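Student: Swiss-Prot feature annotations, pasted as is:
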| type | residues | note |
| --- | --- | --- |
| ACT_SITE | LYS161 | active site, proton acceptor |
| BINDING | GLY60, TRP62, ASP80, ASP96, ASP121 | S-adenosyl-L-methionine binding site |
Amino acid sequence: MARSKTSHNWLKEHFDDKYVKMAQKDGYRSRASYKLLEIQEKDKLIRPGMTVIDLGAAPGGWSQVTSRLIGGQGRLIASDILEMDSIPDVTFIQGDFTEDAILEQILEAVGNTQVDLVISDMAPNMSGLSAVDMPRAMFLCELALDLAGRVLRPGGDFLIKVFQGEGFDVYHKDIRKLFDKVQMRKPSSSRDRSREQYLLARGFRGIDGAASIERF
């Protein structure tokens, strides 16, 4: 009974959510589109002609926004473990980003192109146990940063969903070593109860031979 009540409350909150209604009206696949749109409005992160990688892309809300903003001269490579309906001119790679094979597919799709921006809305399936969820979340963050370090052009940017908790402070310090400017963003479309924030790092300095994160 309690579970049914909880499910009912979640569904009611979901369909009463103004951003869910806006997404349906505006033709976006998820309310997450408005998180990126709000950051874009403030920071002018995405520009026409850019090459962008979108991690944790499904169902495609961020890819829809990014594809529109980069235009026909831009290039977008998106990836997720889940299926995603196709979006015109978007290269989609389905698979588990923690696996080397998927990383290699992304790198192959990038080729010799230098990437202007890496964005990541990845999150693990949450158990509700911080001792379990935080290491999983931070591992995904570390892998996303590893990819950014491999593909970003000098001066490139990185936007990633993060969660406050164990491991975050060290991660934040690591990013500050690699980028000129690091800021935190909490879009109004992010639910108040959610611990998620977005870390925006601008002006990639380069790894300078620093060791990549070991993938396993």
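A Cβ is built for glycine as well, from the same backbone N, Cα and C atoms used for every other residue.
Quick one: where do these features end up spatially?
Tutor: Counting only same-chain residues at least 6 apart in sequence, those with a Cβ under 8 Å from the Cβ of LYS161 (active site, proton acceptor) are GLY56, SER120, ASP121, MET122, ALA123, GLU196, GLN197, TYR198, LEU199.
Residue environment of ASP121 (S-adenosyl-L-methionine binding site) contains 23 other Cβ atoms, counted within 10 Å of its Cβ in all protein chains.
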Student: CB neighbours of ASP96 (S-adenosyl-L-methionine binding site) within 10 A?
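Tutor: If we count other Cβ atoms within 10 Å of ASP96 (S-adenosyl-L-methionine binding site), we arrive at 11.
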Student: What are the sequence-distant neighbours of TRP62 (S-adenosyl-L-methionine binding site), meaning same chain, six or more residues apart, C-beta distance under 8 angstroms?
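Tutor: Sequence-distant Cβ neighbours: ALA32, SER33, LEU36, ASP54, ILE119, ASP121.
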Student: With an 8 Å cut-off on Cβ-Cβ distance and a minimum sequence separation of at least 6, pull the same-chain contacts of GLY60 (S-adenosyl-L-methionine binding site), or say none.
Tutor: ARG29, SER30, ALA78, MET84, ASP85, ILE87
Student: ASP80 (S-adenosyl-L-methionine binding site) has how many other Cβ neighbours within 10 Å of its own Cβ?
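Tutor: Result for ASP80 (S-adenosyl-L-methionine binding site): 23 neighbouring Cβ atoms inside 10 Å.
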